């Protein structure tokens, strides 16, 4: 189905509607699964030696020093323009402001007299950030990951990226307080972070996007007892736009294409109650496509994308919640009025001037978001992902005495005799003291 095909949602059967909201298939082939498993085992067994072999094989690079030196990072900084450095500084300031505001106050309550319960937070001790390489280095992801890690107080923050690492990535790492950067990419980088090597430290949790091999490596290490936790399940990027008749077609088209250019497996969807808006957006997409260097990539993504006309804005919200987009852009008059009805979305952008690019780079929200329908159960990345919660309880003699019979009754009902005995022993001790 062509992206220029305008679909009337209410003329479709329930099955056709379900098909319209299906995402491009993603599944690691058996060969990818096996290859990644072999890489993990090899890196775990042979450490740095295996990393160097994989760099030569996959990156066509001979890596002498896996760890990037301070001199190399300083030199990279010198090569960047002041304009880019200033732009990064503005982005980091906004990311800091938003993520600092996410700090949770400690919980300290007395659930009944003499029974004190607390909840406190502690940072994840060590985290590893994976940043893909390639022709368009994702240095903005360094800002999005390293900044909350620093605010959370993670003691060890390291970064891996395929060699040669772009100057922008090295500077962003330094700017955000990353302690060590390593010349290693792909599934082998995930293995190094999960298991540790002579050079790369083992970390508790791994963050960051990547290709099918990286994604599969993260999945596998998260399921190994000796592996590491990961940030969230990954899938192709996506955006859904809700637009009314007052939206600007060129704005809508530019936001759709911003997502489509990410990759051929990206998906974009327009929902609008105005058929004329759908037609004008389709025309604007074609005009803007002609000017894009990544037009072919975007065009492939558009093959799995949709222009859907609905009954009204309420139905747009209903369909959006069913789909659960990574990015949801609401270009309607009084866009904020629709927010209370949104139940599943990674990040929401309100109004004509809240373009997705702002969230991707510099508004302050995090651009690491659940995709592929995981918005139903997962949240956008935030400070909490770099922290863990811990509870504390303290019972006084009086508090224990008041709760003792309740605990005994519950333990006896579950036939956990040792649990009940732990109470009874203390009750008897108090009687003896009296």
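The backbone N, Cα and C atoms fix where each Cβ goes, and this holds for glycine too.
Quick look at what Swiss-Prot annotates:
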ACT_SITE  326  active site, proton acceptor
ACT_SITE  327  active site, proton acceptor
BINDING   130, 188, 211  NAD(+) binding site
BINDING   237, 259, 262, 327, 360, 414, 419  substrate binding site
BINDING   259, 262, 360, 419  Zn(2+) binding site
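Nearest neighbour of residue 237 (substrate binding site) by Cα distance, taken over the recorded positions 130, 188, 327: 327.
Of all Cβ atoms in the protein chains displayed, 27 besides its own lie within 10 Å of the Cβ of residue 326 (active site, proton acceptor). For the recorded positions 262, 327, 419, the greatest number of Cβ atoms within 10 Å around a candidate Cβ is found at 327.
Here residue 130 (NAD(+) binding site) is compared against the recorded positions 259, 327, 360, 414, 419, and the shortest C-alpha distance is to 360. Straight-line distance linking the Cα atoms of residue 326 (active site, proton acceptor) and residue 360 (substrate binding site), rounded to a whole number, equals 12 Å.
Cα of residue 259 (substrate binding site) to Cα of residue 188 (NAD(+) binding site): a span of 28 Å. Whole-number maximum of the Cα to Cα distances across the substrate-binding residues 237, 259, 262, 327, 360, 414, 419: 56 angstrom.
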